[in-house]
Amino acid sequence: MAKREYNFTDIERKWQGFWEGCGLFRVDETSRKEKFYCLVMFPYPSGTLHVGHGRNYIIGDVVSRYKIMKGYNVLSPIGWDAFGLPAENAAIKSGVHPALWTRDNIKAMKRQLQRWGVGYDWDREVTSCNPDYYKWTQWIFLKLYENNLAYKKKAAVNWCPSCATVLANEQVVDGCCERCDTPVRQRDLEQWFFRISQYAQILLDDISLLEGWPERVKTMQANWIGRSEGIRINFTLENSDTIVPCFTTRPDTLYGVTFISLAPEHPFVNELISGSPQEMAIKDFIERARSQGMVERTAEGTEKEGVFTGKYVINPIDKSKVPVWIANYVLMEYGTGAVMGVPAHDQRDFLFARKYHLPVKIVIQPKEGELRADTMNAAYIDNGVQVNSGVFNGMPNTETIRKIPEYLESKGFGAKTVTYRLRDWLISRQRYWGAPIPIVYCEKCGTVPVPESQLPVVLPEKVEFKPHGMSPLAEVDSFINTQCPRCSGAARREIDTMDTFVDSSWYFLRYLSPKEADRPFIPEKVNTWLPVDQYIGGVEHAILHLLYSRFITKVLYDLEYITFKEPFQHLFTQGMIIKDGAKMSKSKGNVVSPDILIDKYGADTQRLYILFIGPPQKDAEWNDRGVLGAYRFLGRLWQKITDYEEVYAKIPGTDISIQKLSNQAKTLYRQTNQTIKKVTEDVETSWHFNTAIASVMELLNNVDLFHVTIPQNTEELDFHVFRHAMETILLLMAPFIPHICEELWEVMGHKPGIFRQPWPTYDKNAIHEEMIEIVIQINSKVRSRLSVPVDMNNDELRRCVLDDERIIALLDGKKIINTVIVPKKLVNIVVK
Ligand code: ANZ
Ligand code: ZN
């Protein structure tokens with residue numbers, strides 16, 4: 001018979017068709033098997049996937065296939081996070097409509113995913129830019145609006161003059177637009193917000209429910225929420241009743257205040273400076289500070305700048321007179337927008353004071369050594385003993401940090417408060433390619449939500465794309481002009497669209513009933529299938545996407561639509577694939593295209609290499625030679641199995657009894673069982689796919705040392721051990737390299753469908769370490785030898801020796817006085 005070629009192109013196409021045909025990834029909702037919801041973050045349809053993206057989907061596929069073999073009812077869906085800026089930028093640049101651009105990209109990327117052989121239930125595909133999806137994104141907006149969790153306010157926003165759009169804080173990198181690098185400015189606009197701040201505490205508390213999340217991500221979530229316990233201390237404007245509260249976490253330093261600073265946006269600022277001879281100069285400074293952008297203003301390296309208002313406040317604790325400044329490093333969005341300046345004990349205040357020659361007053365001295373205000377060159381921020389602090393002198397500041405607030409509260413000079421860094425979620429975008437916000441403005445009725453029965457508010461198709469500040473929707477009269485849902489009078493539509501993070505904050509619910517026309521999701525279904533058992537995605541989403549999804553889940557829980565409090569039980573964040581020292585990106589030109597590699601070596605080679613490249617949680621460097629190594633391994637596997645293609649059918653399988661095996665077969669059988677144990681542990685507990693694969697490679701090396709003899713009858717067991725080793729390799733590797741394993745499984749004479757096989761289990765008796773030979777002496781004369789496992793302890797060994805038939809015969813009629821054991825060598829029985 002002609003040698004069978006490893007024709008990966010045909011093989012991969014064949015098995016992809018097979019899985020589709022038998023519905024391997026189609027969920028049977030009537031199944032009684034335990035459910036397993038495996039979710040990969042749905043991709044943004046940017047055009048093409050590179051091998052770096054592939055890691056995410058391939059890892060997800062490994063988990064799904066493994067769980068299928070473990071007997072779970074696996075749900076593995078996919079969809080498209082299809083709204084967003086790039087589509088609109090493409091429209092501006094090349095005139096192609098975002099809808100077309102997106103649709104074509106989805107088509108191309110879908111093909112790529114399928115070529116990798118990653119399995120999804122394609123019947124559940126969701127696309128966030130389709131009206132049947134965004135209808136329900138709008139519904140979510142309405143629910144938030146009805147419950148006072150969506151509101152509109154004028155707010156300073158990050159504005160990119162070049163992209164002509166508002167940017168979220170995270171889109172600002174070093175004070176510049178993440179996309180085009182133009183310096184970001186501040187601008188006031190009426191914006192829609194979601195009141196996520198109301199959920200700050202519960203989002204923080206429930207981090208404790210996220211058992212299966214990486215510690216690092218939980219810490220990032222906690223830091224982003226940024227709970228801070230402190231006190232608002234009321235400073236009073238000199239000769240006035242006006243109170244300026246300052247939020248501080250260090251009330252122990254209150255006697256050290258030598259100035260206070262207001263944010264440039266602080267509402268008192270106008271009142272303070274009007275009529276001042278410095279008014280113009282101050283206004284000028286404020287304008288500059290505001291144009292700096294929030295991120296830059298608070299960055300550590302940014303110069304601390306300020307201006308004196310000419311006014312003073314009174315420190316409530318010692319009635320001292322304190323100058324009022326305006327400073328760039330104070331943000332209106334945090335605390336009270338006003339800070340008490342303690343240069344001796346806060347580094348930013350220290351730099352500020354040195355720059356503007358403000359006094360430095362030490363109120364905490366270290367236990368050892370004494371600081372001097374004129375010679376210190378950095379703030380002293382550690383603990384110590386209170387000085388210059390009236391009745392509190394001599395106390396440790398760890399004590400006054402509690403006592404001073406108690407005193408202030410008793411006098412009505414302040415109130416303890418908790419502040420969060422988490423800001424409300426700005427969801428308005430002055431963009432076309434997003435879900436329209438379902439709001440109408442009526443002269444008579446004011447702001448009116450579009451009733452659910454009128455959803456979706458459909459995005460008009462015919463619009464002009466121009467790179468200027470207004471949304472293209474602003475010019476579509478047929479969209480803007482509408483009827484008031486309340487009074488039927490003429491009204492105007494909101495023209496902002498929603499942040500795409502709103503689209504992605506609930507998509508994992510839609511997968512359970514993607515075609516449901518009357519509801520966003522069916523409660524019974526989501527309550528059965530959620531929380532997601534395993535979520536897989538990039539660490540770049542460790543903060544916002546996950547936080548927003550948690551928030552929306554909690555809102556739906558509170559509104560009693562769902563019964564679970566957290567959407568994602570386990571989270572896995574995979575590392576990036578690096579090429580030539582950098583993250584793969586089109587602009588850097590270091591992208592490795594999966595298509596070329598698949599044409600040349602096949603999908604399994606690429607999958608194997610991506611999984612073998614290193615622990616999946618870590619970044620890994622791409623190496624073209626590694627791909628070749630993976631290809632060669634598949635070649636060897638192919639060869640080893642197809643070499644005996646005709647034998648498998650002739651010699652039917654049989655149980656393996658370890659006692660009857662030759663020594664070399666025993667060794668291979670043991671190694672095979674050890675490999676099952678190792679791979680199962682690596683996949684199940686640590687996700688070390690690379691070491692799992694390495695141990696299978698080692699097993700294949702061991703098979704090479706094994707002399708396969710073609711048996712003449714079934715009694716000859718060695719061939720069965722070889723067969724068992726090869727079948728095990730296929731089963732263990734099936735989640736990683738599914739196509740070739742399916743093909744070879746068939747070559748070995750099985751009915752097609754390796755994923756119908758259970759995940760292999762190991763023979764506990766066979767797994768023991770090697771046997772060694774122990775010399776048995778009687779009265780120091782060698783009488784026998786015994787083969788025992790090396791890890792046998794002395795007691796077991798003694799029992800084993802005394803139970804041995806030959807020894808029993810030799811000892812007949814004699815009395816044992818003593819047994820001397822030299823571990824791993826000999827047992828000497830002393831008799832009389
Ligand atoms: C006086 C003081 C003395 C402070 C000292 C610190 C050390 P966290 O822990 O992050 O919550 N702060 C308050 N509001 C601010 C604002 N709007 N913009 C900028 N900074 C602000 O930080 C709380 C501290 O940050 C507060 O405590 C305040 O400075 C500053 F030795 O008050 B502290
Ligand atoms: Zn009206």
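Note: Cβ is positioned from N, Cα and C throughout, glycine not excepted.
Just so you know, TrEMBL annotations are computer predictions that nobody has curated.
Now, the feature entries from TrEMBL:
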type	residues	note
DOMAIN	41-182	domain 'Methionyl/Leucyl tRNA synthetase'
MOTIF	43-53	motif ''HIGH' region'
DOMAIN	223-408	domain 'Leucyl-tRNA synthetase editing'
DOMAIN	422-622	domain 'Aminoacyl-tRNA synthetase class Ia'
MOTIF	583-587	motif ''KMSKS' region'
BINDING	Lys586	ATP binding site
DOMAIN	666-791	domain 'Methionyl/Valyl/Leucyl/Isoleucyl-tRNA synthetase anticodon-binding'
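Among residues of the same chain six or more beyond the motif ''KMSKS' region' (583-587), those with a C-beta under 8 A of the stretch's C-beta atoms are 50-52, 576-577, 622. According to DSSP, the domain 'Methionyl/Leucyl tRNA synthetase' (41-182) comprises 69 helix, 25 strand, 48 coil. Break the motif ''KMSKS' region' (583-587) down by DSSP state and the numbers are 2 helix, 1 strand, 2 coil.
Under 8 Å, Cβ to Cβ, and six or more positions away along its own chain, the residue listed as 'ATP binding site' finds no residue.
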